[in-house]
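A.B. asks: Annotations for this protein, taken from TrEMBL, read as follows:
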COMPBIAS  29-41  compositional bias 'Low complexity'
DOMAIN    130-266  domain 'Peptidase S54 rhomboid'
REGION    16-41  region 'Disordered'
TRANSMEM  57-78  transmembrane segment
TRANSMEM  139-160  transmembrane segment
TRANSMEM  172-190  transmembrane segment
TRANSMEM  196-217  transmembrane segment
TRANSMEM  224-243  transmembrane segment
TRANSMEM  249-267  transmembrane segment
TRANSMEM  297-319  transmembrane segment
Amino acid sequence: MAGREDPPPEVHIRVHSRRGANTIHPVEADTPPVTATSAPPSPNTAVYGEIKHFKKWVPWLIPSFVVVNTVMFVITMYVNNCPKNSVSCVAGFLGRFSFQPFKENPLLGPSSSALEKMGALDVSKVVDKHEGWRLITCIWLHGGVFHLLANMLSLLVIGIRLEQEFGFVRIGLLYLISGLGGSLLSALFIQSNISVGASGALFGLLGGMLSELITNWTMYANKVAALVTLVIIIAINLAVGILPHVDNFAHIGGFLSGFLLGFVFLIRPQFGWVNQRYAPTGYSSTSTKPKFKMYQCILWAFSLILLIVGFTAGLVLLLRGVDLNDNCSWCHYLSCVPTSRWSCNTQPVSCLSEQTGAGQYTLTCSNNGRSKSYSLLNPTTSQIQGLCVQLCR
């Protein structure tokens with residue numbers, strides 16, 4: 001009919017899942033190109049292209065982190081040089097790369113002195129010698145083969161999926177800042193022993209997954225099931241931290257940092273805004289949709305403030321040499337709960353060495369009073385230290 005206007009075209013946003021029918025992601029409708037050999041496109045025909053806010057990234061950073069951690073472990077074992085610095089070694093056929101005795105390191109790894117040389121977290125050196133870089137270098141070191149394998153397998157499972165969803169920049173920052181947060185909380189509570197491992201950064205990724213689920217709640221199909229599953233996984237991993245010789249403060253610090261960072265880094269725009277942003281030419285909307293919901297903006301601002309305040313306060317307390325155990329009498333139970341099967345005594349070991357004859361030395365452990373004689377020919381300090389650790393455990 002003459003004078004009648006056609007209605008504005010509708011915007012169609014198709015959705016598909018990338019997390020086992022759990023999350024829905026929009027894709028953009030494009031007009032297919034017309035060539036000399038192609039038929040004119042139908043008005044209802046659309047070719048769907050991926051929207052940049054929900055694009056799928058090719059993961060390369062997380063695999064690179066795995067390679068770096070593995071290389072650092074190999075270098076640490078080279079520096080350790082067990083045959084030269086210890087009386088006995090495990091897997092001696094590996095030569096310089098052989099492991100410390102099981103009594104000294106049951107994880108199949110280097111000595112604590114080698115880890116300290118490579119940059120392990122030693123609070124006294126951070127505070128007294130201003131070696132703050134140890135807060136970062138410690139997350140690239142591992143105590144042994146078992147420690148390395150457990151962390152790297154977890155990193156591949158968790159990290160690759162996150163990098164595919166959010167890209168290398170955001171996940172890389174989430175990993176590094178969470179690792180720093182874990183080191184910081186660990187240094188404020190555990191000041192008598194060195195600490196190494198990527199566990200704090202890994203727990204940061206878990207925390208980021210939880211906050212991402214919360215802040216992007218409306219985009220999930222099976223949201224309650226996803227939330228319950230994730231909470232159970234996090235709870236089990238934190239519960240393992242109450243075992244002795246596990247730095248659960250690094251886990252808690254990394255998790256809290258990652259949880260807050262997730263609200264800042266992993267926020268996604270709402271589908272209503274995406275509809276308008278990628279609408280075809282000529283489409284007009286009666287109302288403007290906000291890019292983010294109000295609760296997303298509130299969580300973003302609140303989390304950013306908490307992160308800035310928390311990291312600033314933590315660094316100030318650490319550099320002043322504050323031990324938070326003095327202000328919290330029960331907090332040590334968060335990292336280790338003593339039972340009849342194990343002790344939570346983490347005091348550094350020390351021994352008295354006495355030469356009783358030619359090539360004969362007697363070591364007495366100052367921690368438990370045990371004594372033992374050894375036949376040693378010109379022993380080095382590292383050899384004496386290794387025997388001391390075995391004697392006191």
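Any Cβ shown, glycine's included, is placed from N, Cα and C.
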A.B. asks: Report, as numbers and ranges, which residues of the same chain sit near the transmembrane segment (57-78): CB under 8 Å and 6 or more residues beyond its ends.
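C.D. replies: Contacts with the transmembrane segment (57-78): 96-97, 99, 109-110, 114-115, 118, 140-142, 145, 148, 151-152, 155-156, 159-160, 162-168, 171-172, 175, 198.
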A.B. asks: Would the transmembrane segment (297-319) count as touching the transmembrane segment (172-190), i.e. at least 3 C-beta pairs under 8 angstroms with sequence separation of 6+?
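C.D. replies: Since 3 or more Cβ pairs under 8 Å link them, the transmembrane segment (172-190) and the transmembrane segment (297-319) do come into contact.
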A.B. asks: Same-chain Cβ contacts of the transmembrane segment (224-243) under 8 Å, 6 or more residues past its ends?
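C.D. replies: Distant contacts of the transmembrane segment (224-243): 22, 203, 206-207, 209-210, 213-214, 251-252, 255, 333-337, 342.
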A.B. asks: With helix taken as DSSP H, G or I, strand as E or B and everything else coil, how many residues of the domain 'Peptidase S54 rhomboid' (130-266) land in each class?
C.D. replies: 107 helix, 2 strand, 28 coil
A.B. asks: Looking only at the domain 'Peptidase S54 rhomboid' (130-266), what is the mean pLDDT?
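C.D. replies: Reported value for the domain 'Peptidase S54 rhomboid' (130-266) is a mean pLDDT of 93.
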